[in-house]
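This report refers to the structure that appears directly beneath it.
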Amino acid sequence: MSLDADIAKRLKRDANGLFAAIAQERGTGTVLMIAWMDDEALARTLETREATYFSRSRNDYWVKGATSGHTQHVHSVRLDCDGDAVLLEVDQVGGACHTGDHSCFDADVLLGDDAD
């Protein structure tokens, strides 16, 4: 599977050929997680509508939920203005975080709303 050339030429990748992928929950707007993609992971995601990422630690592709069952069905993919990140709007089944939390940003608040 290869990425459409018109999309590929707009991407800005790091030295390892990767760019950030942010998963956002459809309907709520909750930011679920950030992961990494390369051209192949993005092509697979666009083709299958299953969020597919690139693991830097395993140096391999992974489909979100293939092992855990906590899947992400992709409704839209947007490229940011600099071309160095994509935003995936997803339906999340189960927790997005490897800890089981709904969002990877649920646990540690470094600065909160003063009204809290």
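Glycine too: its Cβ is placed from the backbone N, Cα and C atoms.
Curation plays no part in TrEMBL annotations; they are all automatic predictions.
As recorded in TrEMBL:
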DOMAIN    33-105  domain 'Phosphoribosyl-AMP cyclohydrolase'
BINDING   Asp80, Asp82, Asp84  Mg(2+) binding site
BINDING   Cys81, Cys97, Cys104  Zn(2+) binding site
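Cα of Asp80 (Mg(2+) binding site) to Cα of Cys104 (Zn(2+) binding site): a distance of 21 Å. Put plainly, the binding-site residues Cys81, Cys97 were compared by Cβ crowding within 10 Å, and the winner is Cys97. In three-state terms derived from DSSP, Asp80 (Mg(2+) binding site) belongs to neither a helical nor a strand segment and is classed as coil. Of all the binding-site residues listed (Asp82, Asp84), Asp84 sits in the most crowded Cβ setting, with the most other Cβ atoms within 10 Å. Helix, strand and coil counts from DSSP across the domain 'Phosphoribosyl-AMP cyclohydrolase' (33-105) read 10 helix, 30 strand, 33 coil. The number of other CB atoms found within 10 A of the CB of Asp80 (Mg(2+) binding site), across every protein chain shown, is 13.
Residues within less than 8 Å, Cβ to Cβ, of Cys104 (Zn(2+) binding site) and separated from it by at least 6 positions along the same chain comprise Leu32, Met33, Ile34, Ala96, Cys97, His98.
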